[in-house]
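Read the structure below first, then the notes.
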Amino acid sequence: MDSENITEGNILMEETNSTKLLEWKISNEAQIISAVYLSAGLFIGLITNTLLILVICLSPTLRTPPNYHLVNISFNNLLLSICMIFSTLSVFGVQDHDDNFFVAIQLFITQHCTTQYFATFASIGIYRNITLSKPTLSLRIRKRIVRRSISISWFLTCLLSLIFTITFMDKDSLLCITLTPFQKSFVICEESDYLPEPGKICMAVIICFFYVVALISTLSSYYTISKELNIIKPKTSNKILPISRAMSLSSEDTCDPQNHYQIEPNIPSQNGSLQVYTIQCADSEETVVHYQKNENMVTFEEVFALQNPILAHSMANSKRPLQATLSNASTQSRTSRIDFTDISPNADLQRFQMMKNNSALRNQTLRRDRISVRSATKNSFIMFTGYLLSSLPLIICSVPYATARSESIATRVYIFLFLKFLFYANAFVSSTWYLFFSKRVRKCLFKLLEGSFPCIFGRR
């Protein structure tokens, strides 16, 4: 290994087990910056994620099946915060190169959290897609879907992370192929260390395949959800285009005025009453447009049919036909409960009012659910976009032997250090954003604090 490529840091020669190892030591400034950043991230991550888990678990309005995925993300953030402790200890050289315990812990937790985030966002998208296509699913089935998706994702990610750690932990102290930049010193690679190993390449292919499948599932699910909720729509969907007319045609009347449509309202009939509105044309039959009737003669079914004709038609098809009744006083009903055969005006009014109330409640529930799903989808997509921006550079640079023969091997460590800082920001960014910028979560947090500390908030 030529020492010309090592341009930064200190090169030390140490003797270990009767063999001389050329080592490169990280600078003191990088150690101090790493310690300060990791300590601050650990403190903020532990507090915000713990508060978010408590708020979701103790608030009845937030204890819904999709929010269990948010709790799962918070648990992964806590696990990533614990990884910061081992990174802080490792950057000050608590262990030597022969002991790979701290390196193995960092590799396992980092890989587990990376794959778990992908699996969780894919599970959220698939769950939202299923519930939108089948809105009549019961709460028990929805909880079962969430529990199974979380269990399967944890099993797969733990298995992949364990195999990944066993494969990469042996030579992680080498400067050219290390994936853990939080170390005090690194062993400078020899020429034989640059040769690719089939096991590492095979493991990288398997993990990349998992990432691609999760990414495609997430993006396709969010696209379907956005299309269903009209989040993605063309800009001119609500615009009415004017009637296009050729320039060669005249704008004047081009037909006989006698053939024009003429509106003649209030046409008297033979018995003197008023007929319906008609539109008369010389070469066609009369077409009924509207009928004129006194307001006290219009039944409730007709009023409802005018307000909502589609719903009235569907209800009329499913309504049981009237049966004969032996009562001769059905128009003077005094019973508190409306009989199906009761055709009195009072019963008609109550039926119509009940039907309108049920329709209004159903429309309000559907509207509230769609608004809730729309906001939750936007929040999840924002979190997923932020995760991709903070994690994709680290994933790309972690490909084995992709950056091994760079011009400055020492620069590779500092690049990995910055990318790990960016990845560790996932431990507190999402939870902080939910606690401060989500109106419902913030309101539940204030209620929880008010109930826990009444003397501070002056509870009445």
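Numbering starts at 1 and runs along the chain as displayed.
In case you wondered, yes, glycine gets a Cβ from its N, Cα and C as well.
TrEMBL annotations: computationally assigned, not manually curated.
As recorded in TrEMBL, the features of this protein are as follows:
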| type | residues | note |
| --- | --- | --- |
| DOMAIN | 48-434 | domain 'G-protein coupled receptors family 1 profile' |
| TRANSMEM | 32-58 | transmembrane segment |
| TRANSMEM | 70-95 | transmembrane segment |
| TRANSMEM | 101-127 | transmembrane segment |
| TRANSMEM | 148-169 | transmembrane segment |
| TRANSMEM | 203-225 | transmembrane segment |
| TRANSMEM | 380-401 | transmembrane segment |
| TRANSMEM | 413-437 | transmembrane segment |
Task = Check the transmembrane segment (413-437) against each of 32-58, 70-95, 380-401 and return whichever range has the most CB pairs under 8 Å.
result = 32-58
Message = Using a Cβ cut-off under 8 Å, which residues of the same chain at least 6 positions beyond either end of the transmembrane segment (101-127) come close to it?
response = 65-66, 69, 72-73, 76, 79-80, 82-83, 86-87, 89-90, 94-95, 142, 145-146, 149-150, 153-154, 156-158, 160-162, 164-165, 168-169, 172-173, 179-180, 182-183, 207, 210-211, 214-215, 217-218, 220-222, 225, 380, 383-384, 387, 391, 394-395, 423, 426
Task = Please work out the mean pLDDT for the residues of the domain 'G-protein coupled receptors family 1 profile' (48-434).
result = 74
Considering the transmembrane segment (203-225), which listed stretch of 32-58, 70-95, 380-401 counts the most C-beta pairs under 8 Å = 380-401
